[in-house]
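So TrEMBL says this about it:
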type: DOMAIN; residues: 20-66; note: domain 'Gla'
type: DOMAIN; residues: 88-126; note: domain 'EGF-like'
type: DISULFID; residues: Cys97-Cys114; note: disulfide bond
type: DISULFID; residues: Cys116-Cys125; note: disulfide bond
type: DOMAIN; residues: 168-209; note: domain 'EGF-like'
type: DOMAIN; residues: 270-442; note: domain 'Laminin G'
type: DOMAIN; residues: 449-640; note: domain 'Laminin G'
type: DISULFID; residues: Cys613-Cys640; note: disulfide bond
Amino acid sequence: PAVLLRAPEAAQFLRQRQRRAYQIFEETKQGHLERECVEEHCSKEEAREVFENDPETEYFYPKYLACIQKYGSPYKRNPDFLTCVHNLPNQCSPNPCHKEGTVKCEDLKGDFYCECKRGWQGKKCEKDIDECRTQNGGCNQLCFNKLGSYRCSCYSGYALKDSKICEDIDECTASADICGEAHCKNLVSSYECLCDAGYKYDDMRKTCQDIDECKEQLCEQTCVNSPGSYTCHCDGRGGVKLSQDMNTCENIIPCVPFAVGRSIKSLHLGRMFSGTPVIRLRFKRKQLTRLVAEFDFRTFDPEGILFFAGGHQDSTWIVLALRKGRLELQLKYSGVGRVTSTGPLINHGMWQTISVEELERNLIIKVNRDAVMKIAVSGNLFTLHKGVYQLNLTVGGIPFKTKDLILPINPRLDGCMRAWNWLNGEDTSIQETIKMNEKMQCFAVAGRGSFYPGRGFAVFNLTYMQPSSGNETKTNWEIEVNAVIQPATDTGVLFALVTEEASVPLSLSLIDYHSTKKLKQQFVIVALENTVVSRLAINLCDKKEHSVDVLLKKDHLSLRVDGLAGESELSISELEDSLSILESSLQSTKTYVGGLPDVPVTSTPVTASYHGCMTLKLNNTTLDLDEALYKHSDITSHSCPPVQEGQ
């Protein structure tokens, strides 16, 4: 069978056969050339006879003449001439091929052949082949041509798998420390150094730097930066709280409506926390007149002053009051003071009619038309002054200091009076005054408890340090808070300790968001300073009463709401450190209920005042707001309106 070769292979095969023929021919030709043109001067025809072809003759003879011209006649036997002529038939001497691109030069008959290296082409192998122009040289990314060759290369982030194919470099694996303390994420052709939320990467230091979000003015009011995060604060004392976006502020709006409607025909005796009277009257008569007073009365308060009648402190007077829920009459006649207390408990919250009648020799006190006191007296409450009989009458307080009473009493009385009749109705001006001032009016309906309107607070000076049993020099401390709450809003301070430096080492509050999780949800929280240490999620807007119990000791903190335990936010060691700081503050704190004084908004998680009903026990003692150092006048100590029905 026939064997067909490709053209280059065939040419190579033929060249090999030609070389063997040339070798014999060349030896013969060299002998003829020596005789004809070296030893003697040959003509062109004689040279033709030597080479036996025109191309070599045409190539040889002009150069032969040049050798004669340069070195002289053959007959002079100049060795240089001899060399010059011998080299003329070899067309590869001097080498006509491009040195860098040629493997070798082959002398052909009247011609030469340059065998090119790979990557070169042309007659003399002088032309570089640009391999990159054909299918990108087989490179799948970058191809760079160079003389006689080419090179595949890769984009940044890739490496040559072999000489042509690029594959992605996983910088995170190749160099474990490439991102320093940051997280390394491999990308196609690159990588990325990632930090946790709230941090940004520092290329120079290879560290994660905290982002100060407060510089970006994300918060509407106060911003506090923290490592990896930030917290916005809204001043609750302005009636606002954090909104859903956790950056802006929104109004604190009641989620449970209370029936806070007031009766214009009622008089609230506890409006003035100072204990000063809410009503002052002076009666003048030309003739001797006796006191007759009657009114309806309602209260849950066990102690306080209903009214005073008489002259000045050192003259004749009476004070009708409540002590331990029963009526008490203090009286002073002719410089002699007496105290009488009797009758049924009347601080049950029901309306009852009370009357005081001055007779010639007696004072008669009645409850619901039944006489409960009959006291013999000698003298008159109206006193004669400059020919006129006069009587001072004050309601809800007395015209002098309570310490000057026969038996001192807390004058503050959260009670309600209606249908009053002082001296047969000569007091119509009182009703007009009350109509014009809602704060003088009582809630139309009220139950037990204290009502906090969402503004103000009550403050007490209480101690929580107790001597250790058996060791008077050593002290223990304990704070137990038991609250029954019925909130109107989901935000507010129930209880707090505040130092003289306006820090808040302890607080119990309602809040409607989780600051670290940026989550809107209602919680009861216990905080030590500005750190929440325990919390429990609860629906604060369900119109129900909830019990909240907190116990703190040297090495213990617990929160329970409706019997469910709160979740601790600190480790045991962190809690112990925080409780130690609290203990060091207890000597200089005051107890605040229902709100806070002017403290920095960042000193505690909640600054808003509580809104709703609450009764409070501290270390197993019921807290009486009438005993406070100060109480906002809009907070009612012993009465609370009910939740509004149908809402």
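Glycine is no exception: its Cβ is also placed from the backbone N, Cα and C atoms.
Curation plays no part in TrEMBL annotations; they are all automatic predictions.
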Cys613 (disulfide bond) to Cys116 (disulfide bond): how many Å between their Cα atoms?
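Roughly 104 Å, rounded to the nearest whole number.
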Do any residues, 6 or more residues outside the domain 'EGF-like' (168-209), come within under 8 Å Cβ-to-Cβ of it, and if so which ones?
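Tertiary neighbours of the domain 'EGF-like' (168-209) are 155-159, 227-230.
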Please tell me which one of the disulfide-bonded residues listed here (Cys97, Cys114, Cys125) sits closest to Cys640 (disulfide bond), measuring Cα to Cα?
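Smallest Cα separation from Cys640 (disulfide bond) among Cys97, Cys114, Cys125: Cys125.
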I need the CA-to-CA distance for Cys125 (disulfide bond) versus Cys114 (disulfide bond), whole Å please.
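One finds 6 Å between the Cα atoms of these residues.
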Write down the Cα-Cα distance for Cys116 (disulfide bond) and Cys97 (disulfide bond), rounded and given in Å.
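Spelling it out, the Cα of Cys97 (disulfide bond) and the Cα of Cys116 (disulfide bond) are 9 Å apart.
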Just give the helix, strand and coil counts over the domain 'EGF-like' (88-126), going by DSSP.
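Split by secondary structure, the domain 'EGF-like' (88-126) comes out as 3 helix, 15 strand, 21 coil.
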Over the span of the domain 'EGF-like' (168-209), count residues by DSSP class, listing helix, strand and coil in order.
4 helix, 18 strand, 20 coil
Mean pLDDT, the domain 'EGF-like' (88-126)?
84
